[in-house]
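According to TrEMBL:
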BINDING   Gly11, Thr12, Ser13, Leu14, Asp15, Gly16, Val17, Asp18  ATP binding site
Amino acid sequence: MPDLSIGLMSGTSLDGVDGVLADFDATPLRVLAHATAGFDPALRAELLALNTPGGHDELHRAQLAANALVRVYAQVVHELLRQAGVAASQVRAIGAHGQTVRHRPQLFDGTGYTVQLNQPALLAELTGIDVVADFRTRDVAAGGQGAPLAPFFHRGMFGRPGRVVGVLNIGGISNLTVLRPDGSQIGFDCGPGNALLDAWTQRHTGRPYDDRGAWAAGGQVDAALLQDLLAESYFAAPPPKSTGRDLFHPDWLAARLAPHAGLAPQAVQATLAELTARCCADDVGRYQPGLPDLVVCGGGALNDHLLARLRALLPGTRVVSSAEAGLPPLQVEAAAFAWLARQCVQREPLALESTTGARGARVLGAVWPA
Ligand SMILES: Nc1ncnc2c1ncn2[C@@H]1O[C@H](COP(=O)(O)OP(=O)(O)O)[C@@H](O)[C@H]1O
Ligand SMILES: [Mg+2]
């Protein structure tokens, strides 16, 4: 019997939506379809603007942006069903992550919050499928960081009995999972992934991202700037920890660039790529020195220059794209949310303590029945 779920991920890169339709009757899973949709420039600009406090009538704008986002989600769902020749009634659930616009766990009153813009009720209306959403808030309520959640899926997908395996997801932000043979795992956000690289590329070349990292690869890393960037206290803080555009924002870069005025844009790009590679490689060195295998996923796995830098910085580690480990880079996070949706509808708790810092195991997500 097929056991079908859909996962929809729109991450901090704000590049659009990745969706997968997966069959969990196969072990670990079989992807029946993968579809993507970009955001139109107005929606992207509005989602980006809502990441930054300020502006007029944010509550109103957030709700309309969520409606627009969910219309893109629905398009992706219909495309997945069409590709796979599957009817909506055959799909158990859609896991819809939503768009993170603020991530401030454990702050202010001690609980803090994380906000994913989403409109699961509208998505249930538009698709006729049960929707699971709001995965992160229960974890935050239980004292956790609300992130990362993908490590639980990484174990089933990339774990190998008796071996330590690292999984590095390079989305807008980068996060590292270390799967240990005793069944324990650590997972946390390393720092920037593609977000600063994309913003700099857009500003100086007009392209959405640095294809395969070619522009960065042709530039000279500036050691002084790199040192100033790596001085950010987030990098040295111990896990559990998570971050987002709240911290690694173009203004964060602008403040640190100021003393280095006059650097060529390409040198800055090379240095930003080195920052991403260094913060990830340094974390491997700190928390799992001698790691034998590192599986890289997320759009950053398509950046040849980043992969080359990771290999150079981690000479003892076999660094491979997730495609070589069974799942193409842009499908991993979406598949994780298909899996998380299934966990939720089955009321399966996740042991969050070592990953997010939550007080105990919890069922994550809430269901909007079709
Ligand atoms: N061919 C490529 N070369 C370099 N970078 C790429 C390529 N394809 C995608 N990317 C990067 O991956 C990002 C999207 O990654 P993704 O995993 O979807 O991140 P997120 O989960 O934050 O949305 C793009 O914004 C871009 O920076
Ligand atoms: Mg994306």
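Placed from the backbone N, Cα and C atoms, the Cβ positions cover glycine too.
Within the same chain, residues at least 6 positions away in sequence whose Cβ sits under 8 Å from that of Ser13 (ATP binding site) are Gly171, Gly172, Gly193, Asn194, Ala195, Asp198, Gly299.
Val17 (ATP binding site) is surrounded by 23 other CB atoms, counting those within 10 A of its CB over all protein chains shown. Looking at Asp15, Asp18, the binding-site residues in this record, the fewest other C-beta atoms within 10 angstroms of the C-beta turn up around Asp15. With respect to ligand 2, the binding-site residues Gly11, Thr12, Ser13, Leu14, Asp15, Val17 contribute Gly11, Ser13, Asp15 as residues with a C-beta closer than 6 angstroms to one of its atoms, given in sequence order.
Highlighted here would be the binding-site residues (Leu14, Gly16, Val17) whose C-beta falls below 6 Å from ligand 1, but none qualifies. The least crowded of the binding-site residues Gly11, Gly16, judged by other CB atoms within 10 A of its own CB, is Gly16. Around Leu14 (ATP binding site), a 10 Å sphere centred on its CB holds 21 further CB atoms from the protein chains shown. Listed in sequence order, the residues Met9, Ser10, Phe39, Gly171, Gly172, Gly299 complete the 8 Å Cβ shell around the ATP site centroid, once Gly11, Thr12, Ser13, Leu14, Asp15, Gly16, Val17, Asp18 themselves are left out. Around Thr12 (ATP binding site), the same-chain residues six or more apart in sequence whose CB sits under 8 Å from its CB are Thr100, Gly171, Gly172, Ile173, Gly193, Ala195, Gly244, Arg245, listed in sequence order.
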